[in-house]
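Here is what Swiss-Prot records for this protein:
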| type | residues | note |
| --- | --- | --- |
| MOTIF | 40-45 | motif 'PP-loop motif' |
| BINDING | Cys115, Cys118, Cys206 | [4Fe-4S] cluster binding site |
| REGION | 247-284 | region 'Disordered' |
| COMPBIAS | 263-276 | compositional bias 'Polar residues' |
Amino acid sequence: MAAPMNDVQRLEKSLLGHMGRAIADHRLIEDGDRIMVGVSGGKDSYTMLHLLRELQRRAPVKFELLAVNLDQGHPGFPADKLEAYFQREGYPYKLLKEDTYSIVLEKTPPGKTQCSVCSRMRRGILYTAAVELGCTKIALGHHRDDLIHTLLLNLFFAGSIKAMPPLLRSDDGRNVVIRPLCYAPEKDIAKFAELMAFPIIPCDLCGTQENLQRKRMQRLMEELGKEIPNVRQSVLNAMANVRPSHLLDKTLNPDPLHASEEGATTTEPKDTQGSASPWLESRQ
């Protein structure tokens, strides 16, 4: 009889299930991939790196991992803490350093969040580094709640129905971004990171600004969750259950007179928590 699982093992199994299904559903990882794993020092990226290595040991295909951290010149950024962690855990790694901190502060108006400018600059640096390092994919640690909050932000403030795709090719075609945690709940990631005692590095630029629109979306979902327990999973399911003929975008529905009534009523949402994929089975 197998020994009972402890909290870490239970969370790891659940998170591996979410990650394995996301990879299988969206073909995020292929045989021979060399994956740059963006590790910021936050709970999400640490968890992603840990889970990817666990999957690497049992995956139906072979792939490489390269942990990469970008030091953007934040005052007091403890790059040595990350390097010590990578060395202790035996991860192949590369540390990048680009002083974008001063540029971000210069280009951001007073009272505004630096997140958008910071993320654009960081993305450009990572894209270039991925090509130089021979990486075929860039893995980012966005989770289920990030996708939901992004969808709501675009809906409420940008007038568009757009979230974060699990897999995205860059405009120039040189890079492919994957989000293996896209099905994983943030609360499970946070608890797992706490139990694993990852050496978390807080973000001084964006993590402490309370009046961000994203924080408002987070609070909104928390309030809705009190009345609708499964609301987060329902919103995630909606992203995989789109009916273009029932929206107003004429590019998606050029012939409305012949639009199908299929999907006009509520249907059973796609289950992102279904049976285990081959990614969750041991490799022979």
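Just so it is clear, glycine is given a Cβ too, placed from its N, Cα and C backbone atoms.
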Average the pLDDT scores across the motif 'PP-loop motif' (40-45) and report the rounded value.
96
So which one is it: of the binding-site residues Cys115, Cys118, which has the fewest other Cβ atoms within 10 Å?
Cys115
